[in-house]
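Input: a single structure, listed below in structure tokens.
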């Protein structure tokens, strides 16, 4: 969509800004300089601040810039709010926060929920992998960055501020706080879109660098079209790292942001610091090049010519630095992610974390750097601990996971030749030559093989493979958004849209067993809508209630209950009630009460798992059922039996303490402010107000989650929590299967019965089970030893007494043996004793040929002529033959 209006601001008229159009990119921009011809943005304008910063303001760290920004906006009436996590657990469309506005989408931006303050200011760590392939190369791109921002939310009945004030704030911040001359600042008109919203914007440019973007958001993006929002939102983004780079004027953004860390890494690895003038010139030219037009390899040659150096020499200087820049950026981003609960894996946010770790590793390998990645990460964690204390708190977990990932990656690389060979052969069979981009994606996603490694392996087989310069960006783009499953509904929404919202009695009183209601609608003779119901509708991993509806015409059995929009639909069998009639509903209380124990038990268990295994534990799925329920959690290895026992003890301690369970409905902002985003253990709750389930007293709650299920009043009602099984169901996901209440008691009793039965078989009691098993194992070991001895004697006897016929200089023997291990032993002994022996072992249609030194090639060839199917090595063959044994012997005789 084109911009709907010329962007202007009162400050431009007041201060004499001139609106111009860039002859190169055709964009309009505002400037104080009559002689400025181009827009001031890359690639139209080269960097003019490298080695020549536009200000002499005294700032020594990112922290200084951040504090200047936040304090400036606090002084101008903005509330400073705490940064959000980088994992967007309050959203169901994306995994990671890509900008500060993500914190407020979709609830605040849609008008459903008020903002935490208005106006507000924040410095939000953000992650974008859109340009991951450019990181380390361009001199300016990052995957992780802090977006400093000020936001204002204008409602139809409440105006805060809009274009004029926003532009004035930006002008004053850059000139007054940072000391940048007014004539150095250009405001370029543009359009911005992200996170489902859009709006016109100003890009704030200084000497070729975009330092901030001022978005005037008033659209929602629906089906590719812009629809006006009820709100007008000021969405600004000031790049903390870019502004610090602008002030410092270093050759690259990495030298400014990660300077102390890079110095330590260079010292540790023995990598010299590059010539500053060369890196500065290279960075300026790299910044002007479009990687979609000019390949990276070609870019080196062009830049080398421009700065008057040899292309090979430039590569040797720059490439090791690129690897260090990638390491610096990726290690910080990965640290943020893991500290926020992301476990590297093959799916979701874990996929992106693994991608960054492996890209950092690959870069170091290509640069010839030999050092444990975990050691280099640790150097960075020590630098990050003051600005990001949560990263330092997660240090041991981060280092353990990085170490595990490096070991996995090195194992993956060993498989490359065989995997690539198979892929090439498969393509050849399908009439396809070589490997294309999609093949490279498949090999990465399925086997973890980076494209450079695939290309090397293919080259050794005489096949050239082109590696796209944007390969990792392509991978990331396919994994940054959450997949939304399509919700199936029992009946069409249109058939119930006119009905009032169903009153949810199961929320008003979870212990209600019977109720009276009026039938509002019957659809297709089996779907019943009531004005109110105590039947719980399936949701949040809790199955629907069952029971009956009694009415004047008989009894209808309720077999399922589902939500369709704002109404609850009962699926019934039997005597269907008439519309307008009165019914008495009876919930299957024994089943419902068991599910309530399972649901409250689930909350107790996941908190116990989190307290034992660590704060990185997040729910990845759950299903409450009878007699067993399951909960899937993010964890990188199978818990030990000792850890599982500790989890079980902790959970049952909560049961024994008989803690109160509170259910309260709270405004979303209030709940998030009080409890944090741990609320969303069970997933996103799409509502202005959320239902909060708290286990334990207010001053010391054991667990708090947003939840729509039915719960007990006290934990003592659970009775018992028993873990049945723990297993890894996917990379980075562990499943706990458990049971509660009477079902847990029944399960324990069954275990006791089995233990007693097993002990009795060994002649003991269940209390003596361990000793009985030890005794039986010892007997079994002795019996196995004797069996091996007798098997050796038997094999020796068979080998000694083989009836072999002479065939020229060879000897031929055919025996029938079903025991494959015995046959191998006989063959080993017999052929060792007689190298000229050809031993044929037949077991049904299976035929195996052993020799001590005789070439079986001619034998196999002869046998194929009579129907043998199989093959083998020089002295061994195996296959299938269904014909006559005498014909088989005759064919072998001819071959010998």
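Cβ from N, Cα, C; glycine included.
In Swiss-Prot this protein carries:
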| type | residues | note |
| --- | --- | --- |
| BINDING | 599, 603, 707, 711 | Zn(2+) binding site |
Neighbours of 599, 603, 707, 711 excl. site residues, C-beta within 8 Å of centre, Zn(2+): 600, 602, 661, 693, 705, 709, 710
Look up residue 711 (Zn(2+) binding site) in the DSSP assignment and report helix, strand or coil. coil
Helix, strand or coil: which one is residue 603 (Zn(2+) binding site) in, per DSSP? helix
Let me know how many other Cβ atoms fall within 10 Å of the Cβ of residue 707 (Zn(2+) binding site). 26
Spatial neighbours of residue 603 (Zn(2+) binding site) that are distant in sequence (at least 6 apart) but have CB under 8 A: 693, 695, 703, 705, 707, 711
Least buried of the binding-site residues 599, 711, going by other Cβ atoms within 10 Å? 711
